[in-house]
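S.K.: The structure follows.
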Amino acid sequence: MSGVVLLVLAIILITIFSLIYYTIFFEFDETTFSKRLRVLTEYAKRTNADKPTPDVLGHVSDVYDHTYIVSWFRTNDLSTYHETVHDDTVEVFDFLEQQFSGAQATVTQRVAPVAAELDAFVVTNDAGDVKLRCPQNFSFDYGQLKCVPEDPCSGRPPGRYPMNELLLDTLVHNQHSDKNYSAGAHLYHPTLYLRCLANGSHAVRECPDNYTFDAEAGECRVNELCEGRPDGFVLPYFPEALLVNEFVECRNGEHVVAQCADGQVFDRALMTCVHAHPCAFNGAGHTYITSDIGDTQFFKCLNNHEAQLVTCINRAHGADGQYACSGDARCADLPKGTGQLVHIHTDDTFEYASGQMICDNYEVVSEINCDTGDVLGDKLFINKFKLNVQFPLEVLEFGACAPATLNNVSVLNDTFPIENAPNDYGVNMQTSVVGRTSMVAKLMAGDDPDTAFGENVLLARDVNTVGLNPFTAEPIDCFGAQLYDVMDAHRANVCTESGNDLLKTVEFGDGAFLSVFRDDLTGSDADYKQFCAISYESPLKIVKSDHFQRRILTNILQSDICADLYTTIYQKYTTLARKYTTSPVQYNYTFVKRPENMVVYAKNTRFKNATISEPAFDLFAAQTTDKENGFARSLFDPFADGVWRSEPGGDGDHWAPEVPPTQPEPELEPESETELDSDLELEPEFSPLILNKKDLFYSCFYELPSFKLSSCHAENDVIVDALQQLRASVKVDTECELAKDLHFVLNAYAYTGNNIGCRSVFDGDDVAVVKEPVPSYVFTNLQTQSNDGVRYNKHVHVKDGRYMACPEHLYDDEAFACNAEPDKLYYLENMQQ
């Protein structure tokens, strides 16, 4: 029992000793020890004549610009005592005095590299500049402000290189010794070698078993296998390039490749040549090569008598002697599958390196893929424009990914296409506006996106052309069968169906406008005089002028909608009952506004807002009787001699004098007042219809007129009263109950969903909101009454599932009410239908 205890105790002691030993061994830093020894030696040389060596010695061990570290170590064993961090703008360290003192002057740069000497650098101390050198096999890295090991592949082309003692210490043992390696520089490791890759990186490789690295040839060679063996001895050695009819045998103490007789193959199991198919003895899955196939091909047995030819990117030979495909297809274009492949992205506008791949023997050993995601993304500018260009977040620069800028991205074209979001009018603006690459720099600098966009675009109107080629920015006449610019809609081009030849250019003057849904692109409106034209010169202001409204005060024309509606209403509300006799003269004509200013006065009529306090005639004077209708004549008639008249279908206003009767009218016997009351009721007097002014509201999508709202002024009491009655007695179809408030504006339309379209109409008798048999328009967005989410019609309002038509300036959104003017009639027209 005592012997076992002693054995266990001995094992424990040995283990403890081993742990302590290896701890000391692995923690020992030979480089640090050498540095401290030199520091101690230098201090002793310069001070031992005056003072003894201190127990703890400090020295500046690291410098980071104005920050430096003082390392303190014990002088008896050179072990670490402690470290302190200091700022040289505050205090400096005196090595000989071993103490700190206040900084006397500010030094802008403490450490600087030496351009011609990679291992040297200059340190500026309090006494001046001192040139220092890194240890051998080190170079100074100014970016890290320290000495770093030299790159083992620096100055070497890609390939295989032998491993000397220096490479073994630094790459295998990870030790950077300060010793001199020149004595054993010609000695190399027998199987390890250095593989330098195309990108300057490196890897340590080892030859297979029974192979030795040939330093001169730079490749692994098989060891001699025939030492002490007779000639003709067949070796169980099957190198990768050995054909199916070949084998290796010994001759004169060396191994050579021999061949079987014609028609024979070498059976590696029997170790002899045989007359048989290569698959006969090995079966399915066996692989072999012949002299008539390529270096990347091999045969694979399907059964005992059939084989298929397999073609690879790279043919590999496994430890089991079988062939297999290996390698990455991406390395196939590199010589011998080895080298560096930089990925270059090229489009119509930019070119940049997006990454790189390093291949070694058809295998990818390293790969860098930068984040080339579009930094602009799917961002919309001014809520409708998208840049049809990709600018990466990162690019490859100096072998690493770096933020993309116009300095590391090549500009191939100064302009790029711009797309616009789909709209209800099908307007494609890619020929109207193109982007300038200067926009990208502004966006990358953090400028306001919309401002950067608007200030860096080229407009077709700027170069006086109908359209621009989206990719080259050159002026064009055709881009498909039709070409127009909604930002400059005073003309349009009609081209052949192929879009190659221009047929004609349509100019839009007064009364005409661009109508995108018509084959001839021409719409007509007598009131329209290019009111949607944009007068800005700044591209930023132009591209922002996507939706606006123009208001125009003008005259009611004889043939416009105001005249038609008011004439119909006037006739309805001034038509007498059968017991009255219709006056053929006064009510068969309508007073209208001439092209020039003209005032038409009503016949002896007192308006509701009249302020005349004295009578214009004697009410009790004897009245004369009109022979034509039997009614008493007016005592005051300013139109007794003539009247301005405009007949429906006539050619304007003209003066029509009254024709005197050819013979005197016989006087009628006076009748008693009682008889007049009982036999004849007098026809009531109505104020004449005066058609004078109207307000027009044109909604514009850029220079494309979309909706026209006519606000017809009523200057007649009959019309004002009629409007009040019509609005108070609106008829509504059951399906259009939610849209009943469309009645404020005639011809207003709203789609309420479920295939129901409602429209406000005047049928000659009443105002009604009716359901259309087939909806004129079906909208996916009920709130905006559009399909693209844009509210083009500013006069139709939607709130809480209810629909109202009201001039935009009269609409009360909070109360969902229309403050319609009592003396105005509103009519809405879709100009792009």
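Every residue, even glycine, has its Cβ placed from backbone N, Cα and C.
If you look up Swiss-Prot, you'll see 1-18 marked as signal peptide, on the strength of sequence analysis. Positions annotated as N-linked glycosylation site by Swiss-Prot: ASN137, ASN180, ASN199, ASN210, ASN408, ASN413, ASN588, ASN609. Marked as zinc finger by Swiss-Prot: 147-196. If you look up Swiss-Prot, you'll see 647-673 marked as region 'Disordered'.
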S.K.: If you count other CB atoms within 10 A of each CB, which of ASN199, ASN408 wins among these glycosylation sites?
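M.R.: Going through ASN199, ASN408 one by one, the largest Cβ count within 10 Å is at ASN199.
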S.K.: Give the distance between the Cα atoms of ASN413 (N-linked glycosylation site) and ASN137 (N-linked glycosylation site), rounded to the nearest whole Å.
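M.R.: Taking the Cα atoms only, ASN413 (N-linked glycosylation site) lies 48 Å from ASN137 (N-linked glycosylation site).
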S.K.: Just to be sure I understand, if DSSP states are collapsed into helix, strand and coil, how many residues of the zinc finger (147-196) fall in each?
M.R.: 11 helix, 12 strand, 27 coil
S.K.: Can you grab the distance from ASN199 (N-linked glycosylation site) over to ASN210 (N-linked glycosylation site)? Cα atoms, rounded to a whole Å.
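M.R.: Cα-Cα distance, ASN199 (N-linked glycosylation site) to ASN210 (N-linked glycosylation site): 31 Å.
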S.K.: Taking Cα atoms as reference points, rank the glycosylation sites ASN137, ASN210, ASN408 by distance from ASN180 (N-linked glycosylation site) and give the first.
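M.R.: For ASN180 (N-linked glycosylation site), the closest Cα among ASN137, ASN210, ASN408 is found at ASN137.
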S.K.: Reduced to three states, what secondary structure does DSSP give ASN210 (N-linked glycosylation site)?
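M.R.: SS state of ASN210 (N-linked glycosylation site) = coil.
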S.K.: Going along the chain, which residues six or more apart from ASN137 (N-linked glycosylation site) have their CB under 8 A from its CB?
M.R.: PRO149, GLU150, LEU166, THR170, HIS176, TYR181
S.K.: For the zinc finger (147-196), would you mind checking the mean pLDDT of the predicted model?
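M.R.: Looking only at the zinc finger (147-196), pLDDT averages out to 87.
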S.K.: How long is the line from the C-alpha of ASN408 (N-linked glycosylation site) to the C-alpha of ASN210 (N-linked glycosylation site), rounded to the nearest angstrom?
M.R.: 50
S.K.: With a 10 Å radius around each C-beta, find which of these glycosylation sites (ASN180, ASN210, ASN413) has the fewest other C-beta atoms nearby.
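M.R.: If we count Cβ atoms within 10 Å for the glycosylation sites ASN180, ASN210, ASN413, the smallest count is at ASN180.
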